[in-house]
Amino acid sequence: MLFARWDHRITPYLFIAPFFVLFLVFGLYPLLRTAWMSLHRWDLLDGPVAFTGAENYTALLADPHFYNALVNTLSIFVVATVPQLLAALGIAALLDRPSRGSTALRAVVLLPNVVPVVAVALVFTQLLGRDQGLVNWALSWFGARPVDWQAHAWSAHLGVAIMVIWRWTGYNALLYLAAMQTVPRQLREAAELDGASRARVFWTVTLPWIRPTVLFTAVVSTIGGLQLFAEPRLFGGTSTGGNDRQFQTLVMYLYENGFDRFDAGYAAAVSWVLFALCAILAFGNAALLRRLVRRG
Amino acid sequence: MRRTSGPLASAALLGVLVASLFPLYWSVVVASHDNAALSRRVPPLLPGAELPANAREVFGAVDFWAALGNSAAVAGIATASNVLLSTMAGFAFARLRFRGRDKLFAVVVTSAMVPAQLGVVPLFELVGDFGWYGELTAVVVPGLVSAFSVFWMRQACRESVPAELVDAARVDGCSVARTYWHVALPALRPHAVVLGMLTFLASWNDFFWPLVVLDPHRTPTVQIALSTLAGGYYTDHPLVLTGAVLGTLPVVLLFALTAKRIVAGLGRGAVGR
């Protein structure tokens, strides 16, 4: 009896304890220590050198390489996300029919998301090669001169965005599809009885219904997009992202400062600015989501 | 009525399938030729015969067996541990009553949204203090259970573990641990397969943290070995893509085996209506 009472009181905490121990040690503590570090001149290997207050942040806000990385990150994010989510909606609409809902079909659509991001980056780097790449070969049919994809900001951003689009469109399409399949039959049929075309049913019934999922994917894509690292890093082979940093993202800049230059304090400041950006964009999206859901 | 599909829709769907599969097909094409074939004016469009030779070269250039073994170990441990710890925590959050439960769960949800890469510099220091720098432990331990897994399993518990059954077990004097083992876990088995698969994939495919903390010569994972292969001044594309094919094959096979459940369970992590 005593054991039972003790058991029902204590055991739930024991069940959740492993998560919280790991979160405190490997999640929360590093995050807070990042803030502390960012207020110091701090060498990655030797530790703190001097307390410098906000110096890292003032330096960062005057650092052209930081703004360059910020603009690149946002540019790639927009080029990757907007077409991706639109295409995902279209694919979900195509699959949202009984005859097309087969598991095999959906598995193929999801397949790119299963492929390691490193492998994705490597095959697209080959496809976009200047001399041997298939894309330039195809462009040459139309008389285009070979594009040196890494050499220009626009083409490098496009190349990296294509990798992201390939890997994530199918995943988002299946999330939309799952949401579309919860649209009540009567709602759709009522609209069809009123003589609405299929396109109209999609815009007036399906899309409003799946709006929460659309906004969820927008939030996830935002957080993921701000953290982009593997694709551009492998596209150029270094964390500078091209000779003129034309495709260096914020996390690559973080990596360059922390692990190429051992300037841990500065890297920590980049981390916190990135964190603030994620928080602002995610909270902004979440507020939007709440408002739209209430309205919908 | 308008349930018939037009030729345009079918063509679009076909395009999607081709786009999904083509880069994988192309990896195999490049991996099965040599550099001379690839630099011809018209690139080869069908697979060639050089794959075995390229594969031998990959295993000679980097310790790919070690990389495969390390990746399998890291991802295998992450899978087993995430399934065990997240079913425990998910069960507690979904079906047990204890003080502070909702607030603690809010911590789980919040932490799932914090990008893990942001604490990477102090994490690197911490792992060094533990003496784990360059060791697989540095990748394994922080990944033992994720907030995503806990969140996901709580949802699965709410769907599949009947509250009445848990309460009945309690009235009958069954301990919490036994209730977990005999009531919750059997009901969660199908979900565990999906979460296990998602965990294995995420762990196998992870790049950033292993790149920071592992020793590419002594403790490479597959992704690190691939980036080493690609890293030289001159990129040998057939070699690199042979490595990519070899490193992708295990996850694609695993996916093929469990695709049915994964596809069905995918919506869970997102917004449930």
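Glycine residues also receive a Cβ, built from the backbone N, Cα and C atoms like all the rest.
Heads up, TrEMBL stuff is auto-annotated, nobody curated it.
What TrEMBL lists as domain 'ABC transmembrane type-1' is A:70-283. Per TrEMBL, transmembrane segment is recorded for A:12-32, A:74-95, A:107-129, A:149-168, A:209-230, A:264-289.
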>> Below 8 angstroms Cβ to Cβ, which residues of this chain, lying six or more residues outside the transmembrane segment (A:209-230), approach it?
In response: 73, 76-77, 80-81, 84-85, 88-89, 117-118, 121, 160, 164, 168, 172, 175-176, 178-180, 182-183, 187, 249-252, 255, 274, 277-278, 281-282, 285-286, 288-289, 292-293, 296
>> Cβ under 8 Å, sequence separation of at least 6 from the ends of the transmembrane segment (A:149-168): give me the contacting residues as numbers and ranges.
In response: 72, 75-76, 79-81, 83-84, 87, 112-113, 115, 117, 120-121, 124, 128-130, 133, 135, 221, 224-225, 228, 231-232, 235-236, 241-243, 246-247
>> Are there residues at least six beyond either end of the transmembrane segment (A:74-95) with Cβ under 8 Å to its Cβ atoms? List them, or say none.
In response: 101, 105-106, 109, 153, 157-158, 160-161, 164-165, 168-177, 180, 202, 206-207, 214, 217-218, 221-222, 225-226, 228, 232, 247, 249
